[in-house]
Amino acid sequence: MHPQIFFIIVHQSVVMTLAILGNLFLIFVIFRGNHAVRRRISPVQLLLLHTCAADLLFALVTLGTEILTLLSYPHFGGSDWLCKAMRYGQVLPLYASPFLLVAISADRYQAICRPLANIRSSRFRRPNCFAAVAWILALLFSIPQLFIWRKKQNGECATFYGNKSHFLKNLYVIGFNTIAWLLPSIFAAFFYYCVCKAVWMSRSKAATHQQANKMEVKKSDVTQDYINRLRKKSCGHRRQNSEFDRKRVQTVRLTMTIIATNFFLWMPFCLVNMIQAFKPGALSPTLSIYVMILGNLNSCVNPWVYILFNRSQAVKALCGRRAMGYSTHRSETDMLSSSRRSEFKFSVGNSLAPLTPDDIRVHRNVSFQEPVSQRMYQEPSSRTDLPQRKRAPSSLYSKRSTAFINEKSSTSNGYHIVLSTDSTPSPSPPELVANPQQRDPFNMRNHTKKNDLK
């Protein structure tokens, strides 16, 4: 066996082993980590699983069959159709892997730059459609392998371009490097340029809006102003927004790193192929071998890039119950501490919830000159000719949020909305304070008497 062939077999065997172990470990981390925290798989993780399938296909089919072919080189033991099918399967993951990376970037573009379309679509329908398109395109662009490879009379599985062999070979090499490497890199770069621009603009707009709110008082009703104040003071609201922004930026960095790694690892391989196609013998065979091995390392790097950005998920997947217990204890501790901090002024859950009929007490003809404790529960008028008013149930006056919202001034028909702050259930005040003027607001009794006298 030639020393160079032996060198290629050893290095491809090492790369194949690392690729299989790394991608299987990544699949284990994704499924086991989501099971540990009881979380559903995300769209990015779903597309990364498709990428793992493409890398495993590259390791088993592309590298595995190439090693078997080199062991029996130059003789090929299979038939002509087996030669064509083997070369077709070898180039399929070379197209599928970059196409799936473009699918990941397109998914992030739609999720961040087009949020309304993202809401209308299903959680898994969009990534599944992107992955299906990537695999279909890979199957279609691999079809030329069935026509340029054949088994020769001497038993070798080699390329055959016909009479115009030099022109067709150069055309095929240019087309492969453009479709499998250059165009996916351009599309991915465009999508991530739009994503980074949208994230930067959203942050700048948020900062500008915050500065404008400090300089200008917003003209709104009292209820909306009260809810906005509670939202700004809510620790849970700020923590939720910061956590969402952090995860979104982390996902963008992860996918950008994977795509950049794919671009730089395959760039030397594609450039060497272009040079060898136009100027055969210009480069040494040893350099070509090392460049080929560098491109094959792409299938080994992707899993470790994901694990580097998601170390906590890998720890939870490996530790199992212990990591789950630590996470649960920590979340409960944070919940207790946040609830203690919010007891003094307001409750985070009630501050972000919409007002319900149970939160509102209605009183009519209440004077603002009296203290709140005296005017909230006034007894009805002592007149005996008025019918007895029905009282509202005591459950209506339970403890809710901390504020007093007074809408309209103390007019004859004005309503006053009061949110209770007492820790104990308050007594059952009358729903509406009886008032003689309200029973006859247009003074119809006196008018009727005057008509009778006439």
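Residue positions begin at 1 at the first shown residue.
Quick reminder: no glycine exception, Cβ is built from N, Cα and C everywhere.
Taken from TrEMBL, the feature transmembrane segment covers 6-31, 52-71, 91-109, 129-150, 170-195, 254-275, 287-309. The domain 'G-protein coupled receptors family 1 profile' feature in TrEMBL is assigned to 22-306. Summarising the annotation, TrEMBL assigns region 'Disordered' to 371-454. Taken from TrEMBL, the feature compositional bias 'Polar residues' covers 371-385, 395-414.
Sequence-distant neighbours of the transmembrane segment (287-309) (same chain, 6+ residues past either end, Cβ-Cβ under 8 Å): 4, 7-8, 11-12, 15, 18-19, 22-23, 25-26, 29, 48, 51-52, 55, 58-59, 63, 97, 250, 253-254, 257-258, 261-262, 265-266, 268-269, 272, 276.
Packing against the transmembrane segment (170-195) from elsewhere in the chain are residues 91, 94-95, 98-99, 101-102, 105-106, 108-109, 112-113, 141, 144, 148, 161, 252, 255-256, 259, 262-263, 266-267, 270, 273-274, 277-278: each is 6 or more residues past its ends and has a CB under 8 Å from a CB in it.
Mean pLDDT, taken over the domain 'G-protein coupled receptors family 1 profile' (22-306), works out to 83 on the 0 to 100 scale. Residues 41, 45, 48-49, 52, 55-56, 58-60, 63-64, 66-67, 70-71, 289, 292-293, 296-297, 299-300, 302-304, 306-307, 310, 313-314, 317 of the same chain lie 6 or more positions beyond the ends of the transmembrane segment (6-31) yet place their CB under 8 Å from a CB of it.
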